[in-house]
Structure formats: structure tokens, C-alpha cells
Amino acid sequence: MTPRPSSSGPDPRKTTGKKPAGKTPTGKKPAKAAKKKAPRRTTASANASATTSVSGAEVAVSPAPDAADRERLLAGTHHDPHAVLGAHRVPGGVAFRVFRPYALAVTVLSGELRVGLHDDGDGFFSGLVPLKDVPAHRLLVAYEGTEQEVEDPYRFLPTLGELDLHLLGEGRHEQLWRALGAHPTTHEGVAGTRFAVWAPNARGVRVAGGFNFWDGTGHPMRSLGSTGVWELFLPGVGAGELYKFEITRPDGSRTFRADPLARRTEVPPATSSVVHASDYTWGDEEWLAHRADAPAHEAPMSVYEVHLPSWRPGLTYRQLAEQLPAYVADLGFTHVELMPVAEHPFGGSWGYQVTGFYAPTARLGDPDDFKYLVDRLHRAGIGVLMDWVPAHFPRDDWALAEFDGRPLYEHSDPLRAAHPDWGTLEFDFGRREVRNFLVANAVYWCEEFHIDGLRVDAVASMLYLDYSREPGEWEPNEHGGRENLDAVAFLQEMNATLYRRVPGVVTVAEESTAWDGVTRATHHEGPSGFGGLGFGLKWNMGWMHDSLDYMSHEPVHRKHHHGEMTFSMVYAYSENYVLPISHDEVVHGKRSLVSKMPGDWWQQRANERAYLGFMWAHPGKQLLFMGQEFAQGAEWSEAHGPDWWLLDPEYGASADHRGVRDLVRDLNTVYRATPALWRRDTHPSGFSWVVGDAAEDNVLAFLRLDADGTPLLAVSNFAPVVRSGYRLGVPDEVPAWHEVLNTDAARYGGGDVVNPDPVKPEPQGGTAARRASG
């Protein structure tokens, strides 16, 4: 290892040509004046080596690398530098070979043995020592004005075992992050960091970082058989070091690349990877012990969707941990869903164009800080879902795109590689190593960060070969269809692996088409001939679009759109659904939830309250994006986040916004306490229409039923008039009804048109009828 500069290390793309002071470029011998400054005991010339040996060993012959090895090492294209460098038994003793560009002299140290090596030029040093066995040894390396005693990285055996290599070759290493990437470790009694990267098309790979002044010339990696993996153990390198891989492409050009398996990164726009070692101690054992008590579709789930960087702009993970759990718990949500946390270079992508799939974004802190946030949420009784983006990745030339000089993570067919909507690249789901990268990534977040579930983004774009493509821009699959069979197999493998490894986890699909069996088990074949995709839940995009369209119309016109509020029950039990009012619906000119509603400010709030009441009563889990819980009027912006000032008592209209927030809190309280609202979300026996055809009245009414038949009656009046004495047919075995929530209550900012308590039905022909108002 060369002397470290005082700075943390510049961007390697800008500093490849910079050399530490007093050092000479590769290929040039140190000047004579420089030699005189080297320590006298290790002074060496190109033709002789002055040696001091307590044991009496002498360098008899210089076993320098042959011309071919030398050329490949200098060019960065050697596949097995350990076979040349380090110490090796040869006829006559042990040959020592060292490649230390810019060094003036190198001495081998082993116990009392001190042997100065020949300077063979171009940074190569060698010597033959008459020893019987290869000793454990260190190197004393002299530079101009200084010298360092270091370990020889080329004396170590590979750090990856046969099982790791077998699983890597099969594409079945379910803990891939433990094999690849950068890992501080102790190897053969020496502390350092193991670097490993998959780059099968590379002619050679070196590791560069602050520890070698971003010049990887002296640190070539070895290729491990047919796996395509390159590996090197660097003694003395520890947590916190910046690094990249310097890859020689098939055409001989070089590129610096961030580690695809980096578990920590620099803060964007900087792009280096960071060696990371976690020492976090979790405190969420009780949460994990009960997480699998009930499957997600049979448990209450009310989700608060959060964009962490803008929820309270400027807060770190640890600062968020002091505020977010308390806020979410106070409002009664069962889960948060975090928009993508994995590292991404462009904040304006909201995290949906990922470059660091294994690293939480460094904008808010380090990986242990993110663990602390998850831990605090769990200890507050809140589950953590995370948006996960396996469909595509950006084209940044320091990340995954043509990683080793050829299409690697992306499909080799340009028609399959380019995503037509986002200008990104789609993963090659048919390549086993790529599939392994993604499946292991899903497992990684759930095992290492205790994430309770993944909401998989853009599933529809993965499933169809013709997604957003015109005729001629795609080719059918082997059966002549438009289904992406590779993506189907990947999603099935991901879900099956995750559910097997992580008890209590849930996966959620953002899938906007009528694909059959999104939440069906992978081993159950459907009418289309495919097994299910194996997700636990699916976003109900149809319900969202239809219901929001209905609400956007003036009440006088809603009778013409009544079916948009009832059609969801036609297919409600075809999948396990989430009802999403997500970030996508409150940006880019779509307006916030309350601003979608017609009428004046009072009517807009009344409409939003009525809509939220309908949403919480409808079969399916709920998801609400931040800011909508208090009727923010403006669209969301990642630059400034929710308008919290609307809740400030000093603001004149704050009571209006606090009223909607209080409604959301009470909706969650009633929801969690009422099994009829969630236990039979996926069973037709849990729902019964009472009034489904009153289009002229803008009225809907239905029963939700618990497993024992205990009912809850939900009544929605989407007209701007009070319907006093409105008659509804209800089961006659219920003697009285208690109104648990009315969205028009004064405390929510409504007109306080509520029902008496209790409401007693009036018998009529074997069926009770109750009078309702509101």
C-alpha cells in the first residue's frame, strides 16, 4: 500500500493520471537522485540488490516475471496475478515477486530474514531465496522520502470458498452480498478487505481507491475460474475507504465502475463506493417474533407512503427516527411504505432510477443509521414496506450499463434492453447471474435491514415484451406470445425465495393490467397456463382510477358514472388488493387529493372526507401518500415536501386541515378495532351490497362481515344534500346500530349532520330498515 494523501481521495475519473509526490509513472525507473534518498539498507538498482540477511539467505537469481506476464500486469489484463506475484516454491528455493509501481526498493521481511529484492524495472521487484518452504512475510517498501512495512496481498489464498463459487456459477447464491462486494475481514490472521466483483467479459480488473491514490495498477485482481468473478484481499484496507473497480474492457479501454454490490456509497453526486462494516445491534425482537402471526391479506394494513428526503426536508435517518414513528403511530397507520431508499444519482427520480441496489442512499446517513430508523419504527409497532425497483436501471457510465464493456446486467438484444418510456435499461431476467443479483437483493433488504415487505415497482413493464413498444419494436416469445417468460420466472423465483427465507414478509405488486394470478401461488397454474406470480398483495389501480374519476365530477353528473364506484366489486376477489392513493396521483398536474374534488373549499373537504370513509370501508388494504392525510391543497414536490404549516394553529384555516387529519386518525382506529373491515378482505362472504344501484341519489351502502358474521354497515352519500330519513334494508337480527364514525362530524370540519345513537331499525317485510341521514 502506498502512502496515503491527506485528502479523502478524488474522483478516479479525474485523477487517474495524478501520482503521489516523489513517485514516477509506471514504466519509468526512479531517477538516481531519488535512489539516494531511499533507506540505505534497501537501496536497489536495476542490476543488483544490496541485502542484509540475519539468516544468511542471499538472492542468487532474479526470477523476474516473463515478458508475457509482465506485459499483462502492466496492461491490467492478467487473469491470475497471484500465480506470478507473491512467494512461490521453485527449484532452488522460494521466488519472491512484487509489483509496486513508483517504489524505489522492496525488502522481504520474515522473522529475522531481511532480503532486498532486485529492481526489474517498471515497478517489478524479484528475488530467489534458498528456503525450503514459503514463509509468512511482509514487505518493506521504500518510496522517495519514506518507507512502509506492509503485507503482501499476493501471498494469500482466495477468500471465496468452493461453495460460494458453486452457488455463484449456478446463479443461486441467496446471500450474494456476503460473497461479492467489499468486506472488511481477517484472512489468514491478517486484517484487511476482500474485494470481489462479477465481470465475465473483462480482460482484467483492478481495485482503485484512496488507499492507492485511485491508481489500481499495483492491485490487479484474480479471476476465479469460469464464474466471471474477480477477487483480491487487500491487507490494511478497512471500513470507510472509498473505492471503485478499474475494468479493462474487451477492446482494451478502461473504465472506473462503482461496485454493484456496494453496501455504502458516497453522497451523490459523488459516485465512489465505500467499504462498510455494520456494528448495529437490533432491538426489534418482539416485532419480528410476531410478524408472521397472520398473513398480510388477513390482517389490518393501513399504509402511510413516505418520501424520506422530503417528509421533513433536511432530516437524517436518525432525526427521522425521532419524529416519523411517533407521527405515524399517532395517526394509527399500521405500516409505512418508503419510496425507494436504494442509492440513486438523481434526486428528481424520487429513487426510481437506482445505481446502488445494495446501499441505502447516503443523502440521509449511513446504512446503520437507516437500520436505526427501521428499528425505531418496529419498536413503535409500525411495519416497514419499501419500494423496490428491479425492472430497470439508468445508463450512467460509472454504474451498471455495459459494466464490463459489453451488455451484462441489461439484455444483449437492443430491442429488449432499452426501456422506451424512461430512457433506462431493462435487466436481462433470463441470465441466471442477473436474476441472482436481483433475487438476492430482495432477500438482502429483508434480512439485513428487517424490511417487512417490498412494493415491486413497474411490474407491468416487466411482464410484457410489447410494453410501450410499437409493432416492429419487439419480438414474440418462443410460443408466439407477448409475455416476457424470463420476467415471469424471475418474479416467481423472487417471491418463492423471499417467502421461504423471511417469515412474515409480504410482497406487493404495482401491476396495472389484468394479468392473471399476480397474487396466486407460483405452483398453482391458472387459465393462461402460467403459475401465479406469488405476490402477497397487488395495487388495485382500476379501483383508484375509477373512484377518483367519479369523485372529480360535479355531483349532478355523478349518476352517469355510478358504475365506477361499484365495478371494483366485480373483480375484488380475483386478487389480494391494496387501494392506493400514492405519490403518482398527486404530482405532474394531477393535483392533490382534495384539489381533485369539485366545489368550493368546504365542498372539496367534504368530498375528500366522504371519499376516505368509502376507501377505508371498501375491501382491500389502504395506502395514503403523505400530505393527503391533512388535505394539502398543493401537489407534492420533492424539493419542499408536505405543507406542514397548514397545521400551524397560527394559520387561520388550520382547523380545516386538522379536521381531515383527525378523521384519518379515527378511520385507522375504527379500522384496526373492527375485524369485519379486514379479516375477510379476500373472501366474498365478507361483503354484501345494501344499496348499489342508487345512481340518482349518489348513495352507496354495503355490509362488511367478520368471520363470525358480525356486520359493519358502511353508507356513503356523495351528493351535496342531506338525505334525511333515507331507508336502507339491513339484517333484521341486529336490534340496534351504533354509529362509530361519521365523516360529516363537526370535529372533522363537517356540518355535524349525524345519526342518533343508537339507530334502531324498523321491521318491514322480514327485513329491517333503518333511517339514515348525512
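Glycine residues also receive a Cβ, built from the backbone N, Cα and C atoms like all the rest.
Listed features, source Swiss-Prot:
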- Asp457: active site, nucleophile (ACT_SITE)
- Glu510: active site, proton donor (ACT_SITE)
- 29-40: compositional bias 'Basic residues' (COMPBIAS)
- 41-55: compositional bias 'Low complexity' (COMPBIAS)
- 1-66: region 'Disordered' (REGION)
- 748-774: region 'Disordered' (REGION)
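Taking only the Cα positions, the spacing between the residue listed as 'active site, proton donor' and the residue listed as 'active site, nucleophile' is 5 angstrom. Within 10 Å of the C-beta of Glu510 (active site, proton donor) there are 20 other C-beta atoms, taking all protein chains into account. Non-local neighbourhood of the residue listed as 'active site, nucleophile': Pro340, Tyr352, Asp387, Trp388, Val389, Pro390, Ala391, Glu510, each in the same chain, at least six residues away, with C-beta under 8 Å from its C-beta. In the three-state DSSP scheme, the residue listed as 'active site, proton donor' is classed as coil.
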